[in-house]
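According to TrEMBL, the record shows the following:
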type	residues	note
TRANSMEM	B:21-39	transmembrane segment
TRANSMEM	B:51-70	transmembrane segment
TRANSMEM	B:77-95	transmembrane segment
TRANSMEM	B:101-126	transmembrane segment
TRANSMEM	B:133-156	transmembrane segment
TRANSMEM	B:176-200	transmembrane segment
TRANSMEM	B:221-241	transmembrane segment
TRANSMEM	B:253-272	transmembrane segment
TRANSMEM	B:279-298	transmembrane segment
TRANSMEM	B:304-322	transmembrane segment
Amino acid sequence: MVSSAPILAARGVSKAFFGNPVLRSVSISLEPGRIHALLGENGAGKSTLINLLSGALRPDSGTIEIDGRAVSRHSPPEARRAGIAVVQQELSLTNSLSIAENIGLGAYPRRFGLVDYAALAARAKAACDLVGLHEPLATPVGELSLGRRQMVEIAKALYRKPRVLILDEPTSSLSATETRILTALLEKLRGEGIAILYISHRLDEVMQLCQHVTVLKDGTCTADRPLEGVTAAGLVRLMVGRDPGDLFPRWDSTRTERIAVSVGKFSAGLMQDVDLEVRAGEVVGIGGLVGQGQEDLLLGLYGAIPARAASAVINDASGLPSNVPQANSRGLAYVPADRKREGLHLIHPIVTNLMLPSFARMPALKLRSRAKERETAMGLALQFAIKGDLGRAAQALSGGNQQKVALAKWMPLDPSVLLLNDPTRGVDVETKREIYAMLRAFAASGKAVVLLSSDTPELVHLCDRVAVVRDGRIVSLLERGDLSEEAIVAAAMGAERERQAA
Amino acid sequence: MSIRDAAFLSRSRLLAIVTSRPFLTFAIVALVWIVASFVTRGFGAYGHLRYLVELAAVIGIVAAGQTFVVIAGGIDLSVAAIVTVAAVGLPLFAIDADPTGLTPILAVLAMTTAIGLVNGLGVALLRVHPMIMTLAMATFLQGLLIIIAGGSAVTAANPLVSWVGNARPFGIPAGILVWVVVSIVVLVVMHATPFGARLFAMGAGPLAAKLSGVPIASTTMAVYGISGFMSGLAGIIVLGMNGQGYVGIGDPYLLASIAAVVLGGTSILGGLGTYAGSIPGAILLVTITALITVVNASPGWRSILFGTLILALLLLSGREAARR
């Protein structure tokens, strides 16, 4: 392959948020006539890299180069002028505007200072034809399905006649036909000499479409090479291989025969017809790519969102809880991922935060005993090693201590089933270690723990079993013996499909 | 604990009380009274002060309900209309068989509580924004009042109502006694029961409260029900003090109740505050009104002055620190 000068490149860029390094000296170069794949797990730094390339973020160190020249003040308008177009994962369309208006937004053709709608329609039409959008151009975008909106988004990028096209998971909401159209289109654009950066979690697509691959893991680049001679399994290994160290406790299974939660054909939110069984004394992991419906599974079981099931048994009583107080009285407790908005009341003292689930369960007009509350809270603080004056507002605590409060507040209710939603997100390593030990201790004391996590090593090293969710279904249930990061990621991305087909 | 520690603790506790919003509002009231008594003839007299507190009792009772609603993260714009409904509606419930006059009072309180519960129903179950729900309720009630009462005033021939409005057991107006009882009950419910703790949690973060198991729907309904009950009680006292009820009698109590709550340091965003602040807040409002009356300005200027003074007081003491 003849290598030509890159149109857009990053050289040794680093970026940190609040002292947390997200990218460490990463280089990538996008060359004309090449489809370049960017791979990595959730949180590996892919989005940050895209934002650096498109000028939405400024690197802490390193340079962005356009046509071989370093640009000092890279910004989104600058990037647009240089012909860089990004198709974002979060759709950036305005629902009430028409297809044509959305496509042209920000770059309307003008005539006498007014929008030239005839020219807009003609140019938008050309872009739509490329992506196979045949809906009338005046259709409001809000009336389109998610997949069609994604196509509008791509047409919007093409309207600007880009030299570099960055696509962030473009096929996650597309049907098979749409994906085929997009694949053909990308091949065609490649032939025209456009540089394309393609981010996808679907390895089969990447293998089929791309010529070059960059793999990110924890903010560093683990591979930058032609795709020739690499297998899907090899890519997965590049994405996840890391040393978990002694972050995780050693444990023996304490799984019992008693069934804590058992649901059949359970549906809630994105989850469709899922079967799941959780026994007392075990930790069941819920894995998969972000946003496949895992959270809805927990919230549905917890009675916080509408859910239905053909059969449901929770702690020997049948039926799903229809609201949160009912779930609590049946022994369920839920620790949300967003502790600032869902887990805690930051403006309230730590004591009241720790006591809230108890307040919610007590008779409404029973007189409170401040001394007793304080005693209970002190006990919890001691047990969970929560550092800080209990009378102070919870916002004074560090993220790790806040998370411990969000977990500890349930203990006075002695729940038998703990539903945990990413309990270690944004938590420092030391607290992570403490939380991991607690989770195994809960299981050892006979509680059932459901651990939803976006951190794959957690699932591998803490769980008795892991259910991997994709597209609202549990696609794989891995026993402890079969657990590996490769296996989980492969199931999450559907890499096993190929194996079955082969 | 050594003696010095104990002394330090009690001193820091004293400091906390002195710098708390309720105390500061009380201090402002006292200051205004002292200054006014020197400047204006007759202002500091016992009789006058007693009269002011009696007027403040009505605002204070309406503000009790409002404080509950605001702390739980809502607002009740129908309090004025409910006060009027109680004052105008009471004579309609007159029953000859009950010479004490207790039955009509209980009936009116039940009715206004029910109105509040409907507010709560709309907010909790139909998810209508509290402002819209209670404003619509106010408009509805006003229409209903015009149809029922027309433009004429109604006179209450109810012995118990007249007693509440005019009697002075131990030299203290009955309205003030009612307010004292209400205040004690409200403060206990707000700060010493799980119900009260749930309100603060709901106001500070409804989602976190829901996920912590707080029964949102029933608590919301209870809060608006309490507000309806308080407004009804205030309406009965107003009727007793005035002797007559007419459409519009409750109008001053909407802004007054909200102003008393905010002047007392309760966050209009919910989740923080206490009724202990609304009490001096109500007295402060009445005092300002009295001072303006003394100034002898025309009604238009009085209104302008009143609004300006409330804004100025809020700027002085009531601005909230930005949250998050």
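Backbone N, Cα and C atoms are what each Cβ position is placed from, and that goes for glycine too.
Annotations in TrEMBL come from automatic prediction, not curation.
Each of these features: where is it, how hidden is it, and who are its neighbours?
Here the transmembrane segment (B:51-70) has Cβ contacts under 8 Å with residues 76, 79, 83, 116, 130, 173, 175-176, 178-179, 182-183, 186, 190, 199, 203, 223-224, 226-231, 233-234, 237-238, 241, 253, 256-258, 260-261, 264, 266-268, 270, 273-275, 278-279, 281-283, 285-287, 290 of the same chain, all six or more residues outside its ends.
Sequence-distant contacts of the transmembrane segment (B:133-156) (same chain, at least 6 residues past either end, Cβ-Cβ under 8 Å): 75-78, 80-82, 84-85, 88-92, 115, 118-119, 122-123, 126, 162, 224, 239-240, 243-247.
Within the chain carrying the transmembrane segment (B:176-200), a Cβ under 8 angstroms from the stretch's Cβ atoms is held by residues 50, 53-54, 56-57, 60-61, 64, 67-68, 71-72, 164, 169, 209, 214-215, 219, 222-223, 230, 233, 237, 271-272, 274-276, 279, all 6 or more beyond its ends.
Sequence-remote contacts of a segment are chain residues at least 6 beyond its ends whose Cβ falls under 8 Å from one of its Cβ atoms, and for the transmembrane segment (B:253-272) they are 20-22, 24-25, 58-60, 62-63, 65-67, 70-75, 77, 79-80, 83, 200-205, 231, 234, 278-282, 284-285, 310, 313-314, 317-318, 320, 323.
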By Cβ distance under 8 Å, which residues at least 6 away from the ends of the transmembrane segment (B:21-39) in the same chain are close to it?
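Same-chain residues near the transmembrane segment (B:21-39) but 6 or more away: 49, 263-265, 274, 276-277, 279-281, 283-284, 287-288, 291, 313, 317.
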Who are the long-range neighbours of the transmembrane segment (B:221-241) in its own chain, taking Cβ under 8 Å and residues 6 or more past its ends?
54, 57-59, 61-62, 64-66, 68-69, 72, 74, 76, 78-79, 82-87, 90, 105, 108-109, 111-117, 119-121, 123-124, 134, 156, 161-166, 175, 178, 182, 195, 199, 249-250, 253
With a Cβ cut-off under 8 Å, give me the same-chain residues at least six positions beyond the ends of the transmembrane segment (B:77-95) that come close to it.
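Same-chain contacts beyond the flanks: 62, 65-66, 103-105, 107-109, 111-112, 115-116, 119, 131, 134-135, 137-139, 141-142, 144-145, 148-149, 154-158, 161, 227-228, 230-236, 238-239, 242, 245-254, 257.
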